[in-house]
Amino acid sequence: MFTLQELKRSALISLWFVFLTFPIMVVKVNSIEKTVQWRWMNVVYVLVGSFVLSLLFRYFLYRKEQQSGEDEQQGDNTGRSLIHRLLIVPKYRNMIYGVLLGTAVVFPFLTSSYQVNIMTTALMYVVLGLGLNIVVGLAGLLDLGYVAFYAVGAYSYALLNYHFGLGFWAVLPIGGLLAAMFGILLGFPVLRLRGDYLAIVTLGFGEIIRLVLENWGGFSQGPSGISNISRPGFFGIELSLEMAIVYIYYLMVLFVIVTIFLVNRLQDSRLGRAWIALREDEIACQAMGIDKIKTKLAAFSLGALWAGIIGVVFAAKTTFINPASFTFLESAIILSIVVLGGMGSIIGVIIGALVLILLPEYLRALSEFRMLAFGAILVCMMVFRPQGIIASIRRTYTYKPRNRDEA
Amino acid sequence: MSETILEVHGLTMDFGGVRALNNLDLDVRSGEIAALIGPNGAGKTTFFNCLTGLYLPTKGDIFLYRRDKDKKISLKGLKPNKVTEHGLARTFQNIRLFPMMTVLENVMIGRHCRTKAFVIGAFFRGPRTRREEEEIIEMSHRILEKVGLSRFENDFAMNLPYGAQRRLEIARALATEPVLLLLDEPAAGMNPYETIELVNLIQEIATDGQSILLIEHDMKLVMSLSDRIFVMDYGKKIAQGRPEEIRLNPAVITAYLGEEVDA
């Protein structure tokens, strides 16, 4: 399986690793007692560990190459993953949906409110990921300032609640629409831009919104933020803290279901096809009669709509917001959810969000190595599955005259 | 039969100091196959790009006659999607399909400008949207059958053989229900067998009453297909007429073969 040469290369890599990590892994200087401690055992650990890891890496690369060769021979161009194959069969599909829904419903009763809180956050990112997926995955417009719309939603609830005492349910649509309006506002100047240029402008837009919120003290109370935002009302009943957490959790489950339903419909609609055509070839797409302006603005505003709605939920959940919650890092995380999960694939984005948000939480056991492990997992993902966890597939149609059927 | 549907007057296109099109006149009549030929770099594709709104011509007029609506539409300065909506559909010299969409979806995109559903329609999928969607699929399927690609329906466009990709481009353009179909070198890079198939297809489409304007290098194909031929060289029209006239036209022979040098 491994040739001598490969073993040699792995050995070299591990030696190199020992050399690189020598100062931090082996030498330990105690600056108080002025002694130096040599931990020679660590050399062995690093040597063996990196050797095994490097071999594993090679092995998986080898297997990946084998597999892609086989795929080409079979002429399997749809590239359906196991999940897609399961979801095609109605019996399995209903079973999977039932199990998922059941788990989601009983989850708060089985776990602590800490767990419920984390899960709510993860679900929020599912919706954010699905929203950004419209812009990035379907329409192919790289948006690095997505968090700006999230901020618009959050601040519209915080401010309307603070000044006018408006409730959660009243602001939910307002926040969404405001964000959608900002989406159009951003969309207009970037109509002509594509790729890197677009990414830079959207990045700038995201920063502008954050900086305005940070510096326009009279409007947004600056970096100190807005506190005491009311939680969502439940038919006028005051909920205890525990109850409120569970309530928001169920709200998010509902939002996720609605979002999946709507995004799925969008994707298979006339508009969804136009987005994908725009992503594939802008000139051909215009030549086929698609209005580029309308299509792009629709993508930006619809993507922003979801961010705005989740922004409102975020403000209501944490009851306190400040500009620090809306940094570029946030945009980057949402973008990695979409890329990691699989661009344009709904199931992929959902799994991506759950993995990316829950993994750091549950890796807490590894304490300071948490982010390191997280980074390693991300790198491995991109090497072995660049198309994302679940690659998107296109809907197929089986044609029967006068009687269409979904396949 | 011989009503004019497309009329181009004095079309001029400058790129900086380069005059790519020089005072070009051209007309296409209803139901005919017209061809535009000329050596490499003569400005044929530039002409197409001006017609379809990808370039804004420096000077000149482009009129499309819609006899069915009794209208004369000026296409100059319109956006590409508007031009397509008015009834001018094109294919590209270097294939520009949507590679990661299925073959059927590629054709369905062609139906875009004839249908309406937008965000609300997508969300609620009411009876009207559903009916529209069914019509799109049915019509796209019929067109694919016509061009002989229905067995590839659910394959990605990028996985089609070359000749089939060319035909898919034609199918996609046909789906927009064009008044005039513009084909930019449809036979480029095809083997002789594929070329014959293509000639048959174009003839078939023309028999259905579709007016066609095509750019082509393959002389045999042009001579056998077209009713009238326009010849361009260095951005100027140097000849026009029936195939047999063009074949004997000295200016055309000079443009293609070069001038005879007296010894």
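Each Cβ is built from the backbone N, Cα and C atoms, and glycine gets one as well.
Predicted automatically and left uncurated, TrEMBL annotations should be read as such.
Remember, predicted model here, so these are calculated numbers, not experimental data.
Listed features, source TrEMBL:
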- A:12-31: transmembrane segment (TRANSMEM)
- A:43-61: transmembrane segment (TRANSMEM)
- A:95-116: transmembrane segment (TRANSMEM)
- A:122-142: transmembrane segment (TRANSMEM)
- A:170-190: transmembrane segment (TRANSMEM)
- A:197-213: transmembrane segment (TRANSMEM)
- A:244-263: transmembrane segment (TRANSMEM)
- A:297-320: transmembrane segment (TRANSMEM)
- A:332-359: transmembrane segment (TRANSMEM)
- A:371-393: transmembrane segment (TRANSMEM)
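Contact between the transmembrane segment (A:244-263) and the transmembrane segment (A:122-142) holds: at least three of their C-beta pairs are under 8 Å, each pair 6 or more apart in sequence. For the transmembrane segment (A:95-116), same-chain residues at least 6 beyond its ends with a Cβ under 8 Å from one of its own Cβ atoms are 86-87, 242, 245-246, 249-250, 253. Within the same chain, the transmembrane segment (A:297-320) stays apart from the transmembrane segment (A:43-61): fewer than three Cβ pairs sit under 8 Å, each pair at least 6 residues apart. Sequence-distant contacts of the transmembrane segment (A:43-61) (same chain, six or more residues past either end, CB-CB distance under 8 Å): 1-2, 6-7, 9-11, 13-15, 17-18, 21-22, 25-26, 383-384. Note on the transmembrane segment (A:122-142): residues 150, 190, 194-196, 198-199, 202, 249, 252-253, 255-256, 259-260, 263, 266-267, 272, 275-276, 278-280, 295-296, 299-300, 302-307, 309-310, 313-314, 317, 333-335, 337-339, 341, 343-346, 349-350, 352-354, 356-358, 392 of its chain, located 6 or more positions outside it, place their CB under 8 angstroms from a CB of the stretch.
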